[in-house]
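Provided herewith is a single structure, encoded as structure tokens, for subsequent inquiry.
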Amino acid sequence: MNNLIELKKLNKSYGQGDTAYHVLHDIDLEVKMGELTAIIGESGSGKSTLINIIGFLDTDFSGEYLFKEQPIQDLKAKDLAFLRNQDVGFVFQNFKLIRGLSVYANVALPLLYAGKKRNEIESAILAALKKVGLAGYEKALPQNMSGGQQQRVAIARAIVSHPSFLIADEPTGALDSQNSRDIMELFKKLNAEGTTILMVTHDPRIAKACKRTIEILDGRIIADSKGRVAK
Amino acid sequence: MRVEELLITAFESLKINRKRSFLTIIGIAIGIASVVTILGIGDGVKKTMYDKFAHDSTEKYQTAKIYYTTGEESAMDGFTQEDVAKVETMFPQVKKAYLAHETDDLNLSGTVGEKQGTYAVSLINKNSAQAKLVCGKKFDRTVLLGGDHQALISEALAKRQYHSAYKALGTAVNIDHRNYQVVGVYRQHDFYDESGSIDKYGADIILAKAVYYGGKEMTSGNSLKVKMDVSAKQAAKLATKIKKYLNKHGSAKNNGSYEYDNMEQMLKQFNATIDIFTGVIAFVAGISLFIAGIGVMNMMYISVSERTQEIGIRLAVGASQQNIMWQFLIEAMMLTVFGGMIGFIFGGLLSHLITPLLSQAMVTGITIKAHISLKAFMISFGVSAGVGLIFGILPARQAAKKNLVDILK
């Protein structure tokens, strides 16, 4: 398999007719296994829309999306849920952890939705927490933890089922500089171990830390540090 | 997600907002408690009446009473010894048939102390070990065989007329134009005993049967008792057959009719009436369940609205729309079933508290006990689950249809 992700002439609009708002224009993109890619652009450039499509959250687009060389446009909602569960891990800007559930319970979610039993998943959860530096925090409640710790919990949840790739949408947006550096180090470490990571950011320092940078402006890829520039 | 994990997930979500969950189930608990209370009282009345008045299936022989009625004053008795012999011959299942005084429990006019009135009088032919004397003595053997005219009176009557049980001893009471000397005062029982028969010591006054009737053996009368070697279920049928036979071949068939009170039939009709009453009242109580269900639906809509982010997170990590729908539906049903079970327990307790008060108010001499049946439990469980399902489905479907991209913006 050459490309993990391949987008061909991908277009996305909101609304219809005269009020239609064209967000993404003819996006061509290939992502290989093991990449650490930053997608940068100003607010409203379309980067979040792009990763929502890449992460199977949004299937309302035209063009072609091949994941592991298979088209996903015609997949049913159930199949897309399966892909989200098995193949992609999300890390959001504001962590998006379920309040009231412990760290352990939050990290367990992807495994439970994969159909695993509670007594089968303990070792996987503890391993994920150890990887992100939160061993011993299983019973803690996220709302009582710092921003950096919460983001680590979110990363643990994203990696616990060993997905094909991670999508991080402004993962350091809600963190101070020290925590931001720590989180980036964690991503780099995960990437070094073979995890493919796509990261959306408007912070050039974060982009610099990634191996590949794709720049988006007004819904078009205007620069790609791999050498391909959109027309 | 596995079914058991879905149940645990739903339960964990309810635990997060305990106060709201508790407030939601109050309505269901009250509705179910009302229905169970009414069913408990209704079933208790039916069971009490059945236990007391139906044929006792544990008895070896069943007894039935057939009586003769003319509808007008007549000197002719309905049964003779010839009728007795006929019944014993024609019906081999009849172990023994005998003429009986129409009743040993009478309401007679008389004077006790200075009070003239009508008194409940029971006739006995032997003393009972269960009778508790307050003072004095019971009848001795000579009296029971038709000796002196002696009487026992109840403690309540003694206090009313003589202001104390002891002051009643030795006084004379006049019953049905004959004087009897009070030799003992007893603690009065309920009108009916545990088996449903009239309790002799539930009367105001006790006399020796042989003394009252003068000790003569009956050669004729208007009441025939039959002891049958059949099951409790067969007893009413056989007694009805005997009645029909007597109406065709009885010695006094032309002057009146032989009757048998089929208690089974009466109880059936009584039960049907009780069922209608309890059904109507339970239906009215059930309206509160409908209102509680609306409350559950309202709460679930609010919950779905407040937990939009959570729904988005779950969808993002791989939950299907079905998983989301089932989670919220199970949450609604867990709330209502839990509320229903609390209501069932309270309803059961309440019916046990109310029925003794009801017994007193009815003054029938019967102590009614509430009866909580398996049927009441199944109704509670089924209705409360049904309420959760019906009123939870729409909010659950709304949760499942949330747009993932809009939620996670």
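Heads up, the Cβ atoms here are built off N, Cα and C, so glycines get one too.
Residues or ranges marked as domain 'MacB-like periplasmic core' by TrEMBL: B:21-213. Summarising the annotation, TrEMBL assigns domain 'ABC3 transporter permease C-terminal' to B:283-403. Taken from TrEMBL, the feature transmembrane segment covers B:21-42, B:276-297, B:332-354, B:374-394.
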Which of B:21-42, B:276-297, B:374-394 has the most Cβ pairs closer than 8 Å to the transmembrane segment (B:332-354)?
B:21-42
Who are the long-range neighbours of the transmembrane segment (B:374-394) in its own chain, taking Cβ under 8 Å and residues 6 or more past its ends?
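28, 32, 35-36, 39-40, 43, 286, 289, 292-294, 296-297, 300-301, 328-329, 331-337, 339-341, 343-344, 347-348.
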Looking only at the domain 'ABC3 transporter permease C-terminal' (B:283-403), how are its residues distributed among DSSP helix, strand and coil?
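Going by DSSP assignments, the domain 'ABC3 transporter permease C-terminal' (B:283-403) contains 102 helix, 0 strand, 19 coil.
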Could you give the mean pLDDT over the domain 'ABC3 transporter permease C-terminal' (B:283-403), rounded to a whole number?
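Overall, the domain 'ABC3 transporter permease C-terminal' (B:283-403) comes to a mean pLDDT of 88.
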